[in-house]
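This report refers to the structure that appears directly beneath it.
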Amino acid sequence: MDPVQKPLLRALAGEAVWPPPFWLMRQAGRYLPEYRQLRAQAGDFISLCNNPPLAAEVTLQPLRRFGMDGAILFSDILMVPWALGQGLRYAEGEGPLLEPVRDAEAFARLDPSMLRGKIASIIETVSRVSAGLAAEAPKAALIGFAGSPFTVACYMVEGKGGGEFAHARRMAYGDPVLFGKLIRLLVDATVEYLLAQADAGAEALMLFDSWAGLLPPNQFRRWSIEPSAAIVRAIRKVRPDIPLIGFPRLAGPLLPEYAARVGVGTVAMDTGMDPRWAVANVPPGITLQGNLDPQVVVAGGEAMEAEARALLAAMRGRPFVFNLGHGIVPPTPPEHVGALARIIRMG
Ligand SMILES: Cc1c2[nH]c(c1CCC(=O)O)Cc1[nH]c(c(CCC(=O)O)c1C)Cc1[nH]c(c(CCC(=O)O)c1C)Cc1[nH]c(c(C)c1CCC(=O)O)C2
């Protein structure tokens, strides 16, 4: 299909496509039995991310079942620190564990010259998914992604998730020179990584800033908005037209400022954002994406239908991409996702 005709790309370009295109954050993953089966074959999660045939297959699995308008590359935001040489593993039940970067010595061990080589298999996955979509889901668009520097730095400094990233947030105040160096390294690595994805066939790019909302406004501007804006400027020089989606989770009333200053064409709303507030406060030229509660998809039934319809009603007439307010959670019954897809398609 001509890329200009793909519903997701039209909506990301600012058109109020109706019924709205949809995809779901974490749409590939543990709630799908076919994912769990492939994951067991691949061994660990990092090996799966670096196995292009399997990672491409996992990317396409949810589209086969539910016909989403977007396929998001199967990878992880922490593959950037991994590609910079930071020790990383995913422990069952604990999430990611990294060798923390908290001083100049640990920072000096990060090696940006490794990046290109270490992301090569992920980039090959992008090419394979691009070919796979052309063959089996020609109306769907391929979304590449990276974490925003602040969110990735949170994991790099803390060494793990699951908390409030106290070490990272203290480093931002206590040693802003070192924290700034880490953020700048991540800006450059992220630009290189996202442009490589675009060259391999990604048709839109999303920046996940899952922890931006932990910061007070002045820190949010300095560590979330400014580095994200630097990434957008660098990408725009090479790819002036590629749609960009920003997700500053928990940004609250700073969402419109984020959209304007980062320069993304689409902002993703988290679960707590009132969609009517976003419609009233984010300029109409900016597409909104989100924000059904992932937990209501676990519950399903009438509650899910009512919430989905309320969201559709709030967004009618507005450039909009239906999504969740955060990632799908593993206990989600796949049938509920199927039912949700039917509700969205009715508009
Ligand atoms: C913060 C963050 C991470 N990763 C990501 C974020 C930003 C979005 C968000 O806030 O959720 C983004 C991400 N992670 C993954 C994707 C793939 C594409 C998709 O959305 O389907 C994407 C876009 C796969 C994954 N990333 C991870 C899995 C589970 C790995 C497994 O199969 O065991 C998947 C499918 C692991 C991961 N990766 C991360 C954590 C905290 C965890 C552990 C928690 C968990 O397991 O859900 C870091």
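Even glycines carry a Cβ here, placed using N, Cα and C.
Taken from TrEMBL, the feature substrate binding site covers Arg26, Gln27, Ala28, Gly29, Arg30, Asp76, Tyr155, Ser210, His326. Of all Cβ atoms in the shown protein chains, 19 besides its own fall within 10 Å of the Cβ of Asp76 (site 'Transition state stabilizer').
Positions annotated as domain 'Uroporphyrinogen decarboxylase (URO-D)' by TrEMBL: 143-159. Outside the domain 'Uroporphyrinogen decarboxylase (URO-D)' (143-159), and at least 6 residues removed from its termini, the chain residues within Cβ reach (under 8 Å) are 23, 70-73, 75, 77-78, 80-81, 86, 96-102, 126, 165-169, 171, 179, 182-183, 186-187, 190, 193-194, 197-198, 202-212, 214-215, 223-224, 227-228, 231, 245-246, 248.
For Asp76, the entry in TrEMBL reads site 'Transition state stabilizer'. DSSP assigns Asp76 (site 'Transition state stabilizer') to coil in the three-state reduction, outside any helix or strand.
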Any of the recorded positions Arg26, Ala28, Asp76, Tyr155 with a C-beta atom under 6 A from ligand 1? Give them in order, or none.
Arg26, Ala28, Asp76
Give me the non-local Cβ neighbours of Arg26 (substrate binding site): same chain, 6+ apart in sequence, Cβ-Cβ under 8 Å, ordered along the sequence.
Gly327, Ile328
Out of Arg30, His326, which has the highest number of nearby Cβ atoms, where nearby means within 10 Å of its Cβ, if these are the binding-site residues?
His326
In the domain 'Uroporphyrinogen decarboxylase (URO-D)' (143-159), how many residues does DSSP call helix, how many strand, and how many coil?
10 helix, 5 strand, 2 coil
Rounded to the nearest angstrom, how far is the Cα of Asp76 (site 'Transition state stabilizer') from the Cα of Arg30 (substrate binding site)?
14
Within 10 A of the CB of Tyr155 (substrate binding site), the number of other CB atoms across every chain shown is 27
Rounded Cα distance, in Å, between His326 (substrate binding site) and Asp76 (site 'Transition state stabilizer') is 15
